[in-house]
Each structure stands twice: as C-alpha cells, then as structure tokens.
Amino acid sequence: MSQYKRTLVTTALPYANGPVHLGHLAGVYLPADIYVRFKRLKGEDVIHIGGSDEHGVPITLTADKEGVSPQVVVDRYHNRNSEAFAKCGISFDHYGRTSSPVHHETAQEFFLDIEKKGIFTKKVEKQFYDEESRHFLSDRYVTGTCPVCGNPDANGDQCEKCGTYLSANELINPKSKLTGKTPILKETLHWYFPLGRFQKKLEDFIEGHAKTWRQNVINYSRTWLRQGLGDRAITRDLPWGVKVPLEGEEAKDKVLYVWFDAVLGYISSTKEWAAKQGQPDLWKTYWQSPETRLIHFIGKDNVVFHALMFPAILMAKNENADAQYVLVDNVPASEFMNFEGKKFSKSRNYAVYLHEFLEKFPADTLRYSLAINYPESRDTDFSWKDFQNRTNGELADTLGNFVKRAVDFTNSKFQGEVPAECTIEDWNALGEGWHGGFKKYEEALENFHIREACFTAMDFARFANRYLTESEPWKVIKTEPEKAAKIMAMALNLCETLATVFAPILPETSAKIFDMLGVSEAAQAKVGENLFEKVKAPQLAKGHKLSGKSEILFRKIEDADIQPELDKIAAMLAALEQKEAEKATENFEPIKPTITFDEFEKIDLRVAKVLECERVPKTDKLLRLKVQLGTETRQVLAGLAKYYTPEALLGKNVVMVANLAPRKMRGMESQGMVLAVEDAAGCLQALSPEGDSIVGKPVK
C-alpha cells in the first residue's frame, strides 16, 4: 500500500516575457494535466499548482524597449498564457504569479530563515555601474565592441554577429544601455547559496531515486554532482524582483536571483489556493506532510533546478526546523518537441503559439496530437500533416465514428433508450483484447508514460468500432431484434467506457459523449469514488434514457485548413534563411594568409573518441573532455557547453588538432583542440567523421 495519501503536482512556471508555444505545452503542461485528471478520475486527493515566473532581466529589457513598467509586461503575458491554458483544458487548481504579495512574502521568509541559520555566504565582486542612472548593470545591460569579430554592438553576454559568448568585462569600449555612458567597475556585495554544503545529501537523494526517475534526470544530476557543487549567487542588483528583506546599505537595491525565487512560487501558489478554499493553513498539509507525494513536471532544460537546487533550498529550510518540507518524489522531465523538423524558437520567430492555434482548431485535437507524440525519452516532432492525419484517421474515423453510430442507431431504432441489459457475462466475453487494456492504461499513466496511455486509449476505440462493424446491428435488427438490442446495449456501455478512458486526454470530447449518453456531470465526478474502476464493468442499465442529442465529435481537417499554416512555415523558413544568409555574409571572416604545403603538413588532425565529458565549474562555456587518441588518452577543454550536454558527446568520435601546444584554461591544461563549425543558426557543431572511423587515425 502506498505511503502517500495525497499528490501535489507542479508544472514549471512559464516565463512571462512571451506567449506559450506548442513545445512548452507538449513537454510540461499537457502531460501534467493528463496525469492529474487521471488521479481525479480515480477519486484521489490531488492538486495541480502552476503560475507565471515574472522576474528577471529579460522582462526588464522588454519593458525598457517598450517604454512601460515590468508589471505591464508580466500582466500581459500572464493573462494571455493563463487564458490559453484554460481554453486548452489545462486544469490548474491554482495558477499564481511570482509578482504577487504572497509570493514576495514567501520568498523573503525563506531567505531570512536560511540567512539566520548562517548558511548563506557573502562575497564582494566587481560589476559595471552606471554613475548617471546609479544602477549596477547586469551583462545584458552593457553593450560594446566584440573582442572577437569587432562588432560595435555586441551585448555583454553574447555577440549576436559572431555568436561568441562573452562576459561584460570582455567588451571593448563598454557602454550602458540605460544612458549610453561608459560604466565604471564598482564593488558590490552579494549573497551566495553554498550548494556544496549539501553535496553528500544531494548525492544520496539522487541515487535513492536512480531506479525510478527518468535516465535523463539522473544523468544530468550526476554530471553536476560529479563536477562538484559550488556557491551560487542568490541576489542581483536589479530594480525589479523580490527585494532582499534586510536593512542597511548592503541590501539596498538588491533582489533575489530568479533561480532562487521562482521555484518558491510553487509554495506561494499553493498558499493562495488554500486561501481560496477558506482554509489558509491547508497548504501545509501538502508541503509539510510525509504523506504527500510531490511531483515536478518540467522540460529537460530545467532538471538541475528541480532535481538539485530546489531540494537543496528545502534541505536548508528544514535544518533545525519543526515543520519539514517534503522533497520531490519524481521529476518527469521531457525531452523537446520540435516543429516540422526544427527546434521551436521564440527568438527566431519559429513557433506555433498556443493562443493562436486555439483560434483555428479545437483544443482536444491538439491535446491528442501532442500527447501521442509526447517527447518522453527522445525529441519528437509536431507537423501539420501528422496533426491532420491523426485527427482524421484516429479521432474522427475511429472514436468519433463509433460513438455517433452507436448513439444515432439507438435514438433511431430504440427510442433513445438502452434497449437491453448488458450482463457481466456478455461483458467478460469481450476477452483480453478489451479487458487487458485497463491495466496497461493505468500503469502507463501512473508511470508518466503518456504516449503509451494514448495508444491504449485509441486501441479501446478501435476495439469498440470493430465490435459494432462486425456485429452489424443494422442487419441483425431485421430478423433478430432482441439480439440487435443486446448488441446496442453493449455498444452504449463501450461508449461510456471510452468517455471515461479518454476523459484525461480529451476532456471536452469526453463531456460531449457523457452528455449524449445522458450521464450527468454529478455521476461523472464524485469525490473519493474511483470511476475508472467502475467502468471496468457495464454501467448503463436497460431503460436508461439517452439525452437525445447527437453531434459529430470531430470535424475532418481538410488540406485547405492547414495550407495557410504550411504557407506560414514556408515564409518563416524563407525569412530565417535570408537572415542566416545575411548573417553568414556579415560574419564571413577573411581568408587567412596563404601557407605552404609543408606548413600545412605540420598540423596533425586525428580522430579521437570522447570517453568522459563534464562541465567545467564556474563557467557556462567550457566542457572538459577525456579523449582516446590511439594508444593514449588526453584532457581537452572545448567551448561547447552552450551547444552540447555532456551526455551528448559521450562516445562520439571527433576531429582534433593533436599536436597543438598545451594551454592552461581555468587552471586546467588543454592538450589539443576539438574542431567545430558554426551552423546557420549560429550554433557550434563538433566535427564528427561519418562511418566507422578508426580512433587515432590521421585526418587526410
């Protein structure tokens, strides 16, 4: 028997600096909603908590660009995204926001409690400061000349022209974006969270879940732990955010870093939910009880924050505390969903936004298309043709066709009543092809296998459709009306089972089926009653009255319906290609001076195999590789951390300069150079020979 009496589900807080696109929905919000709806269907105590992440530099930059306050920006996108989620049937119990007073109070209380325990450290560092505006400047608020390509408009974190990642103090002639003045370097003090203090606890925590969590979560976490956890800044010099709740000059104009403040939004949002129930302390039952199971639905880019950093914050809060916060029990992190073979990208305007999609197509068609392509263990793809084919072939021709035929025939031939008793003997005679699906479906959802659950649900629909087609009640009724009545009694009970099984995936469609069957909403959702268990047996008795309603559940999507979307993609791709061509022309580096063949022969290029790979601490650019080079192994540092996870390079054959003089970087020696080329999107791709290249062999 489970140790848990209730489940608390959270979903990553979308950043309130733009609209949610289909990739976000597919990886995080839809699978969480399907899981939560299934738990409710079983009568379990479950709440779904979400909200908007409303602090950080990108929001202030957008506000500055538009000439409005950050609050105007976050209000716009919080409202747009929450409305789109609701329209798509994402059933949050509460959808909060990190700009709310409750959240600010919660985040400040956490900070003060951990500060009083002496866990934080403080460090003085130098940062650019605008004397005219009297503001410290984050990297994105500084512009200047790129030291690599000479672009005079490079940003303090990256040069958009050559793609080089920078820090603001590397820029030549830096200027403040606020005033255009030259900033000075000025000392500033910041608070740091010592993640290393919790290294052993986190190692034990991760290994304790190694058999139950997804491999991508375990691998990402182990990589960070293997590198050794260091101190991480939790404060910034910004005018927008949760104010550091301390008196004195040290804390003046400082806010909590968004990585620390955002995850606490799950707690503050739960507090707001409890207040809505008229029980302000009810949130404690979900956050401070060992009988609560906490689950974080996220994308793979958020693993470290939810598998390591948030647990570390809660561990710090729990030290010497009477009330103990629960730690996460599972982190079902998805891979990415791509769009027509390419990555979704808001910055490059290559995306389908949820609110725009729902203006043209029904929510349930989208929910099905995304759920059955859920990127559980690998990246998947959304395409308009696949969306059309699944809507027409599976939803319309299979599920919709069966339900409408069953309801229409009953209304026409049996006065809209269940015409016979569907006995348990008849029901059991359906065999393993029907009854075996219940266990498969339940186990899939309990273990977050959303695709498998969708396939199983559609198998139920195929079974029912085949049953009606092969039974041919429209023929049987002419000679054996009682047998036809038995067939239709079975078909209508199959309809109710389908309405229940599809309820987590297609909530709007499920409600329509129940309505046609004359099953009231009260009978569909009783607290504490396991409706999923009930529909494993027939529920509609002889004489039960249908509502008399009948409708086409899914309209087929014609080529003409999606052609505008395909045209839009073509325009997007053309614009991207033009932009990339212009960028390539702008960034084309002059050919270097001619060298002789003898000089070229001095360069020793070899095939090397990556044996180990990990991030270099305190930098977001470098990876440390251990490579096999023939009979020897070497350590090589490569600036590929922005483009590859360590796991992605493991076992990969790469091309390296084998006779380059060793060079010290970040206190480590790099014994060679891995070759890479920039692609059209400005991302570095490590050169990797095709075929079965021999490790250690020269490249010719």
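Glycine residues also receive a Cβ, built from the backbone N, Cα and C atoms like all the rest.
Record features (Swiss-Prot):
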- 14-24: motif ''HIGH' region' (MOTIF)
- Cys146, Cys149, Cys159, Cys162: Zn(2+) binding site (BINDING)
- 343-347: motif ''KMSKS' region' (MOTIF)
- Lys346: ATP binding site (BINDING)
- 599-700: domain 'tRNA-binding' (DOMAIN)
Using other CB atoms within 10 angstroms as the count, which residue among the binding-site residues Cys146, Cys159 scores least?
Cys146
Could you state the whole-number distance in Å separating the C-alpha atoms of Cys162 (Zn(2+) binding site) and Lys346 (ATP binding site)?
20
Identify, among the binding-site residues Cys149, Cys162, the residue whose Cβ has the fewest other Cβ atoms within 10 Å in this structure.
Cys149
Sequence gap of 6 or more, Cβ distance under 8 Å: name the residues on the same chain that satisfy this around Lys346 (ATP binding site), in order along the sequence.
Gly18, His21
Three-state composition of the motif ''KMSKS' region' (343-347), taking helix and strand from DSSP:
0 helix, 1 strand, 4 coil
Averaged across the motif ''KMSKS' region' (343-347), what pLDDT does the model get? Just tell me the whole number, please.
80
Using DSSP, how many residues in the domain 'tRNA-binding' (599-700) fall into helix, strand and coil?
7 helix, 45 strand, 50 coil
On the DSSP side of things, how many residues of the motif ''HIGH' region' (14-24) fall into helix, strand and coil, could you say?
3 helix, 2 strand, 6 coil
